[in-house]
Amino acid sequence: MTEEQAPEAPRRSSPWRWILIGFAVALTITWLALTPSGLLGKAQAVGYSVCHQIDIRSFHIHGRSFPLCARCSGTFLGALLGMLFQAVQGKKGKMPSIGASLVFALFALAWVLDGVNSFAMLTPMLPSLYQTQNWTRLVTGMGMGLALAAFLWPAFVQTMFRQWRDLSPVSSWQQLLLLVGLAGALAGLVWLEIAWVLYPLALLSAFSVIMLLTMVYSMVLVMIFKRENTFNRLRELLIPLISGYVIALIQIGVISVVRFIMTGTWGGFTL
(Lines of atoms letter the chains of each structure in order from A; the text may use other names.)
(Lines give C-alpha, C1' and ligand atoms only; values in the text may rest on other atoms or scores of the structure.)
Protein backbone atom coordinates (compact mmCIF):
# COMPACT_ATOMS: atom_id res chain seq x y z
CA MET A 1 0.00 0.00 0.00
CA THR A 2 1.37 3.36 -0.97
CA GLU A 3 0.47 6.99 -0.55
CA GLU A 4 0.59 7.85 -4.28
CA GLN A 5 -2.58 8.73 -6.16
CA ALA A 6 -4.80 8.73 -3.09
CA PRO A 7 -8.24 10.01 -4.10
CA GLU A 8 -9.53 13.10 -2.41
CA ALA A 9 -12.22 12.47 0.18
CA PRO A 10 -15.38 14.50 -0.46
CA ARG A 11 -15.64 17.51 1.79
CA ARG A 12 -18.98 17.74 3.54
CA SER A 13 -20.15 20.45 5.86
CA SER A 14 -22.47 19.34 8.64
CA PRO A 15 -23.96 21.21 11.59
CA TRP A 16 -23.11 18.19 13.74
CA ARG A 17 -19.43 19.01 13.27
CA TRP A 18 -19.90 22.37 14.96
CA ILE A 19 -22.17 20.92 17.62
CA LEU A 20 -19.48 18.37 18.46
CA ILE A 21 -16.75 21.02 18.55
CA GLY A 22 -18.91 23.25 20.74
CA PHE A 23 -19.63 20.39 23.11
CA ALA A 24 -15.93 19.51 23.32
CA VAL A 25 -15.07 23.13 24.14
CA ALA A 26 -17.83 23.36 26.77
CA LEU A 27 -16.75 20.07 28.34
CA THR A 28 -13.13 21.21 28.46
CA ILE A 29 -14.05 24.54 30.08
CA THR A 30 -16.19 22.73 32.67
CA TRP A 31 -13.38 20.32 33.48
CA LEU A 32 -10.86 23.16 33.79
CA ALA A 33 -13.18 25.04 36.13
CA LEU A 34 -13.76 22.07 38.45
CA THR A 35 -10.18 20.84 38.77
CA PRO A 36 -7.31 22.21 40.93
CA SER A 37 -5.81 25.52 39.81
CA GLY A 38 -2.59 25.95 37.83
CA LEU A 39 -1.07 23.91 35.03
CA LEU A 40 0.36 21.37 37.45
CA GLY A 41 -3.03 21.20 39.15
CA LYS A 42 -4.65 20.28 35.85
CA ALA A 43 -1.93 17.71 35.16
CA GLN A 44 -2.49 16.27 38.65
CA ALA A 45 -6.21 16.03 37.89
CA VAL A 46 -5.52 14.00 34.75
CA GLY A 47 -3.18 11.69 36.65
CA TYR A 48 -5.79 11.41 39.42
CA SER A 49 -8.00 9.40 37.06
CA VAL A 50 -5.42 6.78 36.08
CA CYS A 51 -2.82 6.58 38.86
CA HIS A 52 -2.68 6.02 42.63
CA GLN A 53 -0.27 8.99 42.95
CA ILE A 54 1.33 7.61 46.11
CA ASP A 55 3.79 10.29 47.22
CA ILE A 56 6.68 8.01 48.19
CA ARG A 57 6.44 6.27 44.81
CA SER A 58 6.53 9.50 42.81
CA PHE A 59 9.12 12.03 41.72
CA HIS A 60 8.84 15.59 42.98
CA ILE A 61 9.01 19.18 41.76
CA HIS A 62 9.97 21.48 44.65
CA GLY A 63 8.39 19.03 47.09
CA ARG A 64 5.24 18.57 45.01
CA SER A 65 4.48 15.12 43.65
CA PHE A 66 4.62 14.45 39.92
CA PRO A 67 1.14 14.08 38.34
CA LEU A 68 1.83 10.37 37.93
CA CYS A 69 3.75 7.85 40.03
CA ALA A 70 7.18 6.71 38.86
CA ARG A 71 5.80 3.70 36.98
CA CYS A 72 2.98 5.59 35.29
CA SER A 73 5.32 8.49 34.49
CA GLY A 74 7.63 6.10 32.69
CA THR A 75 4.76 4.39 30.91
CA PHE A 76 3.08 7.51 29.57
CA LEU A 77 6.28 9.41 28.77
CA GLY A 78 7.63 6.32 27.04
CA ALA A 79 4.42 5.99 25.05
CA LEU A 80 4.59 9.66 24.04
CA LEU A 81 8.21 9.26 22.95
CA GLY A 82 7.36 6.12 21.00
CA MET A 83 4.46 7.83 19.26
CA LEU A 84 6.56 10.83 18.26
CA PHE A 85 9.37 8.56 17.03
CA GLN A 86 6.93 6.82 14.69
CA ALA A 87 4.76 9.80 13.73
CA VAL A 88 7.66 11.76 12.26
CA GLN A 89 8.20 8.88 9.82
CA GLY A 90 4.80 9.37 8.23
CA LYS A 91 2.11 6.79 7.62
CA LYS A 92 4.14 3.65 8.20
CA GLY A 93 1.59 1.09 9.33
CA LYS A 94 3.33 -2.27 9.47
CA MET A 95 3.60 -3.96 12.87
CA PRO A 96 7.07 -4.46 14.40
CA SER A 97 9.12 -7.42 13.22
CA ILE A 98 9.16 -10.64 15.24
CA GLY A 99 12.53 -9.72 16.74
CA ALA A 100 11.42 -6.24 17.77
CA SER A 101 8.11 -7.64 19.05
CA LEU A 102 10.00 -10.05 21.30
CA VAL A 103 12.01 -7.16 22.72
CA PHE A 104 8.84 -5.18 23.39
CA ALA A 105 7.28 -8.29 24.95
CA LEU A 106 10.26 -8.51 27.32
CA PHE A 107 9.75 -4.85 28.22
CA ALA A 108 6.09 -5.57 29.01
CA LEU A 109 7.03 -8.66 31.05
CA ALA A 110 9.54 -6.64 33.08
CA TRP A 111 6.79 -4.07 33.75
CA VAL A 112 4.43 -6.78 34.97
CA LEU A 113 7.04 -8.50 37.16
CA ASP A 114 8.21 -5.26 38.74
CA GLY A 115 4.60 -4.24 39.33
CA VAL A 116 3.73 -7.55 40.98
CA ASN A 117 6.87 -7.35 43.11
CA SER A 118 6.03 -3.77 44.06
CA PHE A 119 2.52 -4.83 45.10
CA ALA A 120 3.96 -7.72 47.12
CA MET A 121 6.00 -5.21 49.11
CA LEU A 122 2.72 -3.68 50.30
CA THR A 123 1.39 -7.04 51.47
CA PRO A 124 3.37 -8.58 54.36
CA MET A 125 2.01 -12.07 53.65
CA LEU A 126 3.35 -12.08 50.09
CA PRO A 127 7.06 -12.64 49.38
CA SER A 128 8.88 -10.11 47.19
CA LEU A 129 11.89 -10.95 45.03
CA TYR A 130 13.74 -7.66 45.51
CA GLN A 131 13.37 -4.12 46.81
CA THR A 132 11.47 -2.28 44.10
CA GLN A 133 12.54 1.36 43.86
CA ASN A 134 11.41 4.37 41.89
CA TRP A 135 14.16 3.91 39.32
CA THR A 136 13.01 0.33 38.59
CA ARG A 137 9.44 1.55 38.33
CA LEU A 138 10.50 4.35 35.98
CA VAL A 139 12.66 2.15 33.74
CA THR A 140 10.16 -0.71 33.44
CA GLY A 141 7.39 1.83 32.89
CA MET A 142 9.39 3.46 30.10
CA GLY A 143 9.82 0.08 28.41
CA MET A 144 6.12 -0.65 28.68
CA GLY A 145 5.32 2.74 27.17
CA LEU A 146 7.55 2.00 24.17
CA ALA A 147 5.82 -1.36 23.75
CA LEU A 148 2.36 0.23 23.82
CA ALA A 149 3.34 2.83 21.24
CA ALA A 150 5.02 0.25 18.99
CA PHE A 151 1.70 -1.51 18.41
CA LEU A 152 -0.83 1.29 18.92
CA TRP A 153 0.64 3.57 16.25
CA PRO A 154 0.55 0.99 13.41
CA ALA A 155 -2.95 -0.04 14.51
CA PHE A 156 -4.03 3.60 14.36
CA VAL A 157 -2.53 4.11 10.90
CA GLN A 158 -4.02 0.88 9.54
CA THR A 159 -7.45 1.72 10.94
CA MET A 160 -7.66 5.35 9.88
CA PHE A 161 -5.89 5.85 6.58
CA ARG A 162 -6.92 4.66 3.14
CA GLN A 163 -3.33 4.53 1.95
CA TRP A 164 -0.44 3.69 4.25
CA ARG A 165 3.09 2.48 3.78
CA ASP A 166 3.74 -1.21 4.35
CA LEU A 167 6.82 -0.47 6.44
CA SER A 168 7.42 -0.67 10.16
CA PRO A 169 8.51 2.53 11.96
CA VAL A 170 10.89 0.30 13.91
CA SER A 171 12.25 -1.72 11.01
CA SER A 172 15.86 -2.28 12.07
CA TRP A 173 17.92 -2.97 15.15
CA GLN A 174 19.55 0.42 14.70
CA GLN A 175 16.17 2.13 14.97
CA LEU A 176 15.24 0.02 17.98
CA LEU A 177 18.51 0.86 19.73
CA LEU A 178 18.02 4.55 18.94
CA LEU A 179 14.52 4.46 20.40
CA VAL A 180 15.70 2.65 23.53
CA GLY A 181 18.59 5.10 23.86
CA LEU A 182 16.23 8.07 23.66
CA ALA A 183 14.01 6.44 26.27
CA GLY A 184 17.02 5.92 28.53
CA ALA A 185 17.97 9.58 28.19
CA LEU A 186 14.40 10.62 28.97
CA ALA A 187 14.33 8.38 32.03
CA GLY A 188 17.61 9.92 33.15
CA LEU A 189 16.13 13.41 32.92
CA VAL A 190 13.23 12.36 35.13
CA TRP A 191 15.52 10.59 37.60
CA LEU A 192 17.68 13.67 38.10
CA GLU A 193 14.61 15.55 39.41
CA ILE A 194 15.74 18.93 38.06
CA ALA A 195 12.72 21.18 38.57
CA TRP A 196 12.89 23.12 35.30
CA VAL A 197 13.19 19.82 33.41
CA LEU A 198 10.50 17.99 35.36
CA TYR A 199 7.92 20.74 34.95
CA PRO A 200 7.43 20.31 31.18
CA LEU A 201 7.77 16.53 31.53
CA ALA A 202 4.97 16.58 34.11
CA LEU A 203 2.70 18.38 31.67
CA LEU A 204 3.71 16.04 28.84
CA SER A 205 2.96 12.96 30.95
CA ALA A 206 -0.59 14.23 31.53
CA PHE A 207 -0.94 15.11 27.84
CA SER A 208 0.12 11.56 26.97
CA VAL A 209 -2.75 10.14 29.03
CA ILE A 210 -5.28 12.20 27.07
CA MET A 211 -3.54 11.47 23.76
CA LEU A 212 -3.58 7.69 24.18
CA LEU A 213 -7.20 7.59 25.33
CA THR A 214 -8.21 9.86 22.44
CA MET A 215 -6.46 7.65 19.89
CA VAL A 216 -8.02 4.46 21.24
CA TYR A 217 -11.54 5.86 21.42
CA SER A 218 -11.30 7.46 17.98
CA MET A 219 -10.28 4.10 16.52
CA VAL A 220 -13.19 2.38 18.26
CA LEU A 221 -15.66 4.97 16.97
CA VAL A 222 -14.34 4.71 13.42
CA MET A 223 -14.79 0.93 13.54
CA ILE A 224 -18.27 1.19 15.08
CA PHE A 225 -19.42 3.52 12.31
CA LYS A 226 -17.60 1.45 9.65
CA ARG A 227 -15.38 4.29 8.53
CA GLU A 228 -12.10 2.37 8.55
CA ASN A 229 -9.58 3.26 5.85
CA THR A 230 -11.57 6.22 4.54
CA PHE A 231 -9.20 9.06 5.46
CA ASN A 232 -6.35 10.40 3.37
CA ARG A 233 -4.87 13.17 5.51
CA LEU A 234 -4.48 13.93 9.17
CA ARG A 235 -6.78 16.96 9.00
CA GLU A 236 -9.59 14.68 7.88
CA LEU A 237 -9.41 12.96 11.28
CA LEU A 238 -10.70 16.07 13.07
CA ILE A 239 -14.14 14.68 13.91
CA PRO A 240 -12.99 11.18 14.98
CA LEU A 241 -10.24 12.67 17.13
CA ILE A 242 -12.53 15.25 18.75
CA SER A 243 -15.09 12.51 19.40
CA GLY A 244 -12.40 10.33 20.97
CA TYR A 245 -11.22 13.29 23.04
CA VAL A 246 -14.75 13.90 24.34
CA ILE A 247 -15.11 10.29 25.47
CA ALA A 248 -11.61 10.36 27.00
CA LEU A 249 -12.41 13.52 28.98
CA ILE A 250 -15.73 12.06 30.14
CA GLN A 251 -13.89 8.95 31.35
CA ILE A 252 -11.32 11.08 33.17
CA GLY A 253 -14.09 13.16 34.73
CA VAL A 254 -16.25 10.24 35.85
CA ILE A 255 -13.35 8.37 37.45
CA SER A 256 -12.19 11.56 39.16
CA VAL A 257 -15.67 12.23 40.58
CA VAL A 258 -15.99 8.68 41.91
CA ARG A 259 -12.52 8.79 43.46
CA PHE A 260 -13.12 12.23 45.00
CA ILE A 261 -16.41 11.04 46.53
CA MET A 262 -14.61 8.03 48.01
CA THR A 263 -11.53 9.88 49.30
CA GLY A 264 -12.64 13.50 49.74
CA THR A 265 -9.34 14.82 48.43
CA TRP A 266 -7.47 15.55 45.20
CA GLY A 267 -4.36 14.06 46.79
CA GLY A 268 -2.84 10.66 46.11
CA PHE A 269 -3.36 7.54 48.14
CA THR A 270 -1.28 7.10 51.28
CA LEU A 271 0.56 4.02 52.49
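Backbone N, Cα and C atoms are what each Cβ position is placed from, and that goes for glycine too.
Predicted automatically and left uncurated, TrEMBL annotations should be read as such.
According to TrEMBL, the feature transmembrane segment maps to 16-34 (among others). Within the chain carrying the transmembrane segment (16-34), a Cβ under 8 angstroms from the stretch's Cβ atoms is held by residues 42, 45, 238-239, 242-243, 245-246, 249-250, 252-253, all 6 or more beyond its ends.
What TrEMBL records for 65-88 (among others) is transmembrane segment.
Remote same-chain residues near the transmembrane segment (100-123) are listed as 57, 71, 75, 129-132, 136-137, 140-141, 143-144, 146-147, 150-151, 168, 170, 176, 271 (criterion: CB distance under 8 Å, separation of at least six residues from the stretch ends). The transmembrane segment annotation in TrEMBL covers 100-123 (among others).
Feature annotation from TrEMBL assigns transmembrane segment to 135-156 (among others).
Residues 40, 59-62, 66, 73-74, 77-78, 81-82, 85, 100, 103, 135, 138-139, 142-143, 145-146, 170 of the same chain lie 6+ residues outside the transmembrane segment (176-199) yet bring a C-beta within less than 8 angstroms of a C-beta in it. Here TrEMBL flags 176-199 (among others) as transmembrane segment.
Panel annotation: around the transmembrane segment (205-225), residues 42-44, 46-47, 49-50, 66-68, 72-73, 76-77, 79-80, 83, 148, 152, 155-156, 159-160, 237, 240-241, 243-245, 247-249, 251-252 of the same chain, lying at least six beyond its termini, place a Cβ under 8 Å from a Cβ of the stretch. As annotated by TrEMBL, transmembrane segment applies to 205-225 (among others).
According to TrEMBL, the feature transmembrane segment maps to 237-262 (among others). Counting same-chain residues at least six beyond the ends of the transmembrane segment (237-262), those with a Cβ under 8 angstroms from any Cβ of the stretch are 17, 20-21, 23-24, 27-28, 31, 35, 45-46, 48-50, 160, 209-210, 213-222, 227, 231.
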